[in-house]
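Colleague: Take a look at the following structure, please.
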Amino acid sequence: MNTSQLREKFKEVFGVEADHTFFSPGRINLIGEHTDYNGGNVLPVAITLGTYGAARKRDDKVLRFFSANFEEKGIIEVPLENLRFEKEHNWTNYPKGVLHFLQEAGHTIDSGMDIYIYGNIPNGSGLSSSSSLELLIGVIVEKLYDIKLERLDLVKIGKQTENDFIGVNSGIMDQFAIGMGADQCAIYLDTNTLKYDLVPLDLKDNVVVIMNTNKRRELADSKYNERRAECETAVSELQEKLDIQTLGELDFLTFDAYSYLIKDENRIKRARHVVLENQRTLQARKALETGDLEGFGRLMNASHVSLEYDYEVTGLELDTLAHTAWEQEGVLGARMTGAGFGGCAIALVNKDKVEDFKKAVGQRYEEVVGYAPSFYIAEVTGGSRVLD
């Protein structure tokens, strides 16, 4: 969607002209899954599937939200003085949370807004539509109210919204990738220290194909919080002998030597995934820096195997996509991405083989699962921004 279309749609809905238009990307994580809330390393990219917005300041204290993705909900009106979580306010709880925490941080938002939203991230796909929306709202408020914010502070407010307003115990990776994204670069982020590097992403004759299971996954209702609790318990058991706060601080030799302290087989598996995935992510960064895409692909495969057998967050749909992808010509690697339990997988595929790949994987998936997957090519882009 371009800026003139955005402005046109805004005027159709609200009857006035928008002040500005905005874009906030989605994200995929190339490798480093379920490590971000364990103090580990991640390697995400911001992508051109994302959330568009048009907005205008109002003279009163009323917030009016409209989403083209939830047209049936119409315009949702919220008084600026009432920024509490309310289930019936549906998707607007995300903007409300961001506004609430911006105010709590001392920023003056002294009037209402009209905000039009259009997203082309498939709902429930695990490509971070909620984080994309959170950062979009942050950028809108920055622009309309002339607030000067460090981008990292906005990223943290997005995470705070997810954790303390919506109630999902997620890490910081999604908001970080979306807020800090850069053209044709992956972000190597240490989630423990928030130190990061931009890693140039030269895929040569290959593209990242996103494979959507089309199985809806509600993060708050999934086993996400359960996995996090298992990891936290494993850390507390290891603390009997080790001075650590997170699993991300461990190398595999140390973990192996002290894993006997963990009193449950499942918790050992969960912790082992995190420790090894952390090492794979470091190796993947090196592979990208040296142009070793075959090595990078093998690490993607190993990541999926670990998520399937040790972390147990894949399921029939994601496994069918990844396993079938591995068998196709021109594929360097494939793995689930995001929280799992549905959502998406990604594959690194030779450009000339993409159509054959989609046909073969799509056919097999439909045979096994009973309905078709969707495919998208991921273009890497910069972070949340003002368009005009």
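Cβ coordinates are placed from backbone N, Cα and C, and glycine is handled just like the others.
Source: prediction; values computed, not measured.
These came from Swiss-Prot, pasted as-is:
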ACT_SITE  D174  active site, proton acceptor
BINDING   E33, H34, T35, D36, Y224  substrate binding site
BINDING   S67, G124, S125, G126, L127, S128, S129, S130  ATP binding site
BINDING   S130, E162  Mg(2+) binding site
SITE      R27  site 'Transition state stabilizer'
Colleague: Could you check which of the recorded positions R27, D36, S128 is the closest Cα neighbour of E162 (Mg(2+) binding site)?
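Modeller: Minimum Cα distance from E162 (Mg(2+) binding site) across R27, D36, S128 lands on S128.
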Colleague: Starting from each candidate's C-beta and looking 10 angstroms out, tell me which of the binding-site residues S67, S128, S129 has the most other C-beta atoms.
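Modeller: The largest 10 Å Cβ neighbour count belongs to S128.
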Colleague: Which chain neighbours of the substrate site, leaving out E33, H34, T35, D36, Y224, have a Cβ atom within 8 Å of the mean position of the site's Cβ atoms?
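Modeller: So the extra residues in range turn out to be G32, Y37, N38, G40, V42, G171, M173, R227, V274, E277, A339.
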Colleague: Of all the binding-site residues given, namely H34, S128, S130, Y224, which is spatially nearest to R27 (site 'Transition state stabilizer') at the Cα level?
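Modeller: Among H34, S128, S130, Y224, S128.
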Colleague: Would you mind listing, in sequence order, the residues at least six apart from T35 (substrate binding site) in the same chain with a Cβ closer than 8 Å to its Cβ?
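Modeller: Result: N41, V42, T191, G248, V274, E277, N278, T281.
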Colleague: Fewest other Cβ atoms within 10 Å: which of the recorded positions R27, H34 wins that one? Let me know.
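Modeller: H34, out of the recorded positions R27, H34, has the fewest neighbouring Cβ atoms within 10 Å.
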Colleague: When DSSP states are folded down to helix, strand and coil, where does E33 (substrate binding site) land?
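Modeller: SS state of E33 (substrate binding site) = coil.
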Colleague: Could you check which of the recorded positions (H34, D36, D174, Y224) sits closest to S67 (ATP binding site), going Cα to Cα?
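Modeller: For S67 (ATP binding site), the spatially nearest of the recorded positions is D174.
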Colleague: Please report the Cα separation of H34 (substrate binding site) and G126 (ATP binding site) in Å, rounded to an integer.
Modeller: 13
